[in-house]
Amino acid sequence: MVPTPHAALVPLLARHAGHAHELLPLLHALQDRDGYVDPAHVPAIADALNLSRAEVHGVITFYHHFRSAPPPRTVVQICRAEACRSRGGEALVAHAEACTGARIDGEPCHGIGVESVYCLGQCALSPAVTINGDLHARVSPARFDALLALVPERKEGRHV
Ligand code: FES
């Protein structure tokens, strides 16, 4: 039986359907639009690209970038690769955990999730972080606090 795609998925499927090599662009487009790749979409994606559901699921779970659930309101990613580790990255992780209440790669706290990434291409300017996708380099704990205070919902006092 051919799965019926969710209406919100139809325009993206129309743009990418037919070719297996369109899987990554489709997954990126979905995540850019929705913030995650809803597992309920996997059967329709597999059908549209002539792939098995296991192949689609395998790609989604292989790449750390793809989410299968909605992201927290604020996503902090801290680089934990070599250059950043050697320049205070782990101390920054501890600081971020202490000031947000969230555990690295664990459950978000008050709408803030803290996640590990492995190299953001800013090795010469380490330690590097992203906050809601915005890249920041040479981030000290004090600078981290200042950057987090600039996140709109925190700035406006809306802590969820
Ligand atoms: S090691 Fe952190 S940005 Fe490259």
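Each Cβ is built from the backbone N, Cα and C atoms, and glycine gets one as well.
Marked as [2Fe-2S] cluster binding site by TrEMBL: CYS79, CYS84, CYS119, CYS123.
Taking Cβ-Cβ distances under 8 Å and a sequence gap of 6 or more within the same chain, the neighbours of CYS84 ([2Fe-2S] cluster binding site) are ILE78, CYS119, CYS123, SER126, PRO127, ALA128.
With the fewest other C-beta atoms within 10 Å around its C-beta, CYS119 stands out among the binding-site residues CYS79, CYS119, CYS123. Highlighted in sequence order, ARG80, ALA81, GLU82, ALA83, GLY89, VAL117, TYR118, LEU120, GLY121, GLN122, SER126, PRO127, ALA128 have their Cβ within 8 Å of the centre of the Cβ atoms of CYS79, CYS84, CYS119, CYS123, the residues recorded for [2Fe-2S] cluster, and are not part of that set.
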